[in-house]
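Below is one structure, written out as structure tokens, with a few remarks after it.
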Amino acid sequence: KLHSDLDKGVGTVKYTLSGDGAGTLFTIDETTGDIHAIRSLDREEKPFYTLRAQAVDVDTKKPLEPESEFIIKVQDINDNEPKFLDGPYVASVPEMSPVGAYVLQVKATDADDPTYGNSARVVYSILQGQPYFSIDPKTGVIRTALPNMDREVKEQYQVLIQAKDMGGQLGGLAGTTTVNITLTDVNDNPPRFPKSIFHLKVPESSHVGSAIGRIRAVDPDFGKNAEIEYNIVPGDGGNLFDIATDENTQEGVIKLKKPLDFETKKAYTFKVEASNVHLDHRFHSVGPFKDTATVKINVLDMDEPPVFSKPMYTMEVYEDTPVGTIIGAVTAQDLDAGSSSIRYFIDLKNDVDSYFTIDATEGTIATNELLDRESTAQYNFSITASKVSNPLLTSKVNVIINILDVNEFPPEISVPYETSVCENAKQGQVIQTVTAADKDLSPAGQRFSFRLSAEASNKPNFTVHDYRNNTAGIETRRNGYSRSQQELYFLPVVIEDSSYPVQSSTNTMTIRVCRCDSDGTILSCNVEAIFLPVGLSTGALIAILLCIVILLVIVVLYVALRRQKKKDTLMTSKEDIRDNVIHYDDEGGGEEDTQAFDIGALRNPKVIEDNKIRRDIKPDNLRFPHQRPSVEDNTDIRDFINQRLQENDVDPTAPPYDSLATYAYEGNGSAAESLSSIDSLTTEADQDYDYLSDWGPRFKILADMFGEEESYNPDKVT
């Protein structure tokens, strides 16, 4: 309720309300000032509201007092039950845990006001799960309530937890949740065999390493606590077998370590021990975590292939042994109870195997062809043995036959077959050491002997000195040798071996006489060197070679100068009186070509008086041109041209070469009249060529040539 001191109760004061929830949640009586809630309030949504009120004059609408602010608090009631926000819960605890072992802590939340009354005071309790677990009423911690809970008996537990407010008193609200608890495994159980004796039957033909049976021990534990390791207890027959654990099934797989033979032993008995791999020291007091069982194995008789007496046979035979000679035998037996006869045959894989035969009944091996150690020193083939009662049962064995050598090849001298001796060699000087080689397989300690042949023993040139270590030296028997007298010597050397029968051969060595210096270094062994003057020193030879080189240099320089001179004679000059046209396969410029050949020389007979040598050819002999008679100024040009033509016709050095003589004479047979004044009967002094300048640029060259005749002075021509 709101009330102003200015309100006299006569209705002159009006109350107004504003702020949180004004008009929606709260309303005010304008006359009395009473505030009412117009709908239900929830403290959990909004715990308080801030409002403003004011007293206003009804007539003037003006406030009578300043606006006042006040807070309305919502008082809590117990209208919310506790809730487990994280439920349902999952927890685990090891089996065999002691009483009070921690499992899990749960927590419930109450939305009521914890500061007002007991509406938010929660108490925990177990509705389902006793007597296995307990819970702390205040903290919600769950613990084990029974000792030695066994996972193998019961693994899963479901516990129902209740949280109640108002301190658990009557009338309080409650909420529940579920906790699923699993007992985790510990290694508290040893492995146990379900029976004490295991019987296995194994064929004697079982292969080494193959699995012949399985046994299993049972361990109720789980995971790694159930892993089992199997071992064979040392004893009777245990060394023939082995056992390993199958990781998927935890079974013991028995494997064969050695082959079985029914005829040798028909049964084996041994013990197998099963134990846990991962032990838990807390349960050692329970007892040993292992168990033992007996395994009995009965060997089954099988029809087996024959067995050879040896895993491999090695034999020897001399080469060239006669065909049919027995060199050895193989033996195989049927070890089964009902012994069967054996048949032998060679496994023919290639042509080499046909060199031998085998007796099918006795197993004796004989030669089928002549053997040659130098072709094949060893033979390797297989022999198969089969049972007559069951030919499908066969066995194979390898046979190696080594071919022994017979001394059939004589020794020969090793390379080189040629050596040299200096002209200045001294008597007793060793010029070559030789060795021998034998194609036969030389036995240990075989010796080779060296000597001269009988026909060479009496010659006084060379001898052979046997060092008795399978080598020999070629020695000189006199002082000095002359190439001019004899260049080559042939020395027959006889070599014998020490095998039986003794083999020998005569080997001819070629000894070449060479010129050497004082230290014995070979200078020359060529045949041409024999014909050099005797006593010619090295310095003299060098001087001769130096003179030859100087002469060659002079000749080269002379040839180069001649070539350069030839190039100069081929050069043309503007002062040459000849009319030469060099042909370049290039079209000229016609009358407007100002670079054309100047034929003004035809108008200057005095030019011929200059004696010049032709440069476009190379004359055979250097000759001086003969003096031609001088031509007078009024000499007819035609006579002059005929004279020049005749000179060229009789001149052996004249063209045709690489030039063309032009005479500028048209001839008498032309249908057109000549444009020049060459045929004019008047002399040059009477001619006037100024009119050529008026004929245009085509006659500019003629005008320039004939216009200069007035000032031409033949005496000044050079």
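Keep in mind that glycine also has a Cβ here, set from the backbone N, Cα and C atoms.
What TrEMBL says about a protein is an automatic prediction, not a curated fact.
Residues or ranges marked as domain 'Cadherin' by TrEMBL: 4-84 (among others). Averaged over the domain 'Cadherin' (4-84), the predicted model has a pLDDT of 85.
Taken from TrEMBL, the feature domain 'Cadherin' applies to 85-193 (among others). For the domain 'Cadherin' (85-193), the number of residues in each DSSP class (helix H, G, I; strand E, B; coil) is 3 helix, 45 strand, 61 coil.
Across the domain 'Cadherin' (194-308), the DSSP tally of helix, strand and coil residues reads 13 helix, 54 strand, 48 coil. Per TrEMBL, domain 'Cadherin' is recorded for 194-308 (among others).
If you look up TrEMBL, you'll see 309-413 (among others) marked as domain 'Cadherin'.
Positions annotated as domain 'Cadherin' by TrEMBL: 413-531 (among others). Residues of the domain 'Cadherin' (413-531) grouped by DSSP class, helix first, strand second and coil last, total 7 helix, 54 strand, 58 coil.
The transmembrane segment annotation in TrEMBL covers 530-561.
Each residue in the domain 'Cadherin' (4-84) gets a DSSP state, and the totals come to 0 helix, 32 strand, 49 coil.
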